[in-house]
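Here is what TrEMBL says about this protein:
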TRANSMEM  12-29  transmembrane segment
TRANSMEM  41-71  transmembrane segment
TRANSMEM  91-108  transmembrane segment
TRANSMEM  120-145  transmembrane segment
TRANSMEM  183-203  transmembrane segment
TRANSMEM  223-240  transmembrane segment
TRANSMEM  252-273  transmembrane segment
TRANSMEM  300-321  transmembrane segment
TRANSMEM  333-352  transmembrane segment
Amino acid sequence: WSLWNNYQASALPLLFHGMAMAVGAVAIWRGVSSIEKVNKVLIPTLLAIVVLSVIRALTLPGAWNGVAYLFTPQWSQLSNPKLWLEALTQNAWDTGAGWGLFLTYAIYIRRRYGIVKNAFVTAIGNNIVSLLAALMVFGTVFSILGMEGKTSGEILDVMKESGPAATGLTFIWMPQLFAKMPMGKMVAILFFLGLSFAGFSSLISMMELSSRNLIDFGLKRKTAIACVAGVSYIMGIPSARNLDLFGNQDFVWGVALMISGVFVAVAVMRYGVTALREKEVLQNENDWDLSTWWDKNIKFVVPILGVTLLIWWLSLSATVYAPDDWYNPMSPYSVMTCFVQWGAVLAVLWWLNSWMADRIQSQTD
């Protein structure tokens, strides 16, 4: 704990934040093929380490108490909109569904790989790894704290308080698990190296997405990349210095992903759901078939689920969860902080969209 807290209080987060931005800028400027080659080694290595860590965690004394708790459903929680909201936004964040990252990756993917196959593998693979990570974390924490005499309730309280956005579960508890494994230091180095590259691959797509938008506005590629890297570093300083603000950003834009997903569904409906499926998916002989159930999901399930869940969450936030604080934009997890930040970004995007549309129209004329 002290090591992690001392690290967070130092200038190192700012240093590594700057290094990540700089390396990301160089990667998309010179091409991402080298990163892809490294990821082909590190990501499978990370998966292998996760599997080995799960096996080791489950052999610790008392670990199965954590597994039992993990797989014991609390049916009353199904009436809690926060549960559905956090589950939906977490999956959207993990898979890239409903936001610009998958559009960026689509630029580079070859047609022979197939949209449906990639979507299936991404979703299933992500959730399998998430399940393995849950087994690893719950087994480790319940074992270590259980041997200290803590009850299940006390253990859960510790897990909830392990840093904003669950940062402590990775950076505090995983080293304790590796310390109990043969060659633990080497395994820990490989684990965090692979984890860093997994995050770095996402950073590259985010920077590429933003850079391509600026290029569409007329900037040269080098200038666009430099602007994205510089602005991203400056805007990331508060989150690097204050994990509470990091948690706020995780919350605000996690919920926004759900809204973004609804917008994507609306965009598909405007194009034509059936037309998109028949022209872009079914024409690819290397892909899997996509039946008409997908049309119904896009037309009805996605927008209805998204709007209903958002209204449900907003109403309970204002009346039950934080009736005295929901209107405070300075409260990190209030409804108003979401509205203020969403509104500011939407205003900027609306202006940029209008400016871009006028520019395209003038060039056409």
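Note: Cβ is positioned from N, Cα and C throughout, glycine not excepted.
Looking at which of 12-29, 41-71, 120-145, 223-240, 300-321 has the most CB pairs under 8 Å to the transmembrane segment (183-203), the answer is the stretch 41-71. Note: the stretches the transmembrane segment (333-352) and the transmembrane segment (223-240) are not in contact (fewer than 3 CB pairs below 8 A, sequence gap of 6 or more).
By the Cβ criterion (under 8 Å, sequence separation of 6 or more), the transmembrane segment (12-29) is not in contact with the transmembrane segment (300-321), since fewer than 3 such pairs are found. Long-range contacts of the transmembrane segment (91-108) within the same chain: residues 122-123, 126-127, 130, 202, 205-206, 208-209, 212, 254, 257-258, 260-262, 264, each at least 6 residues beyond the stretch ends and with a Cβ under 8 Å from a Cβ of the stretch.
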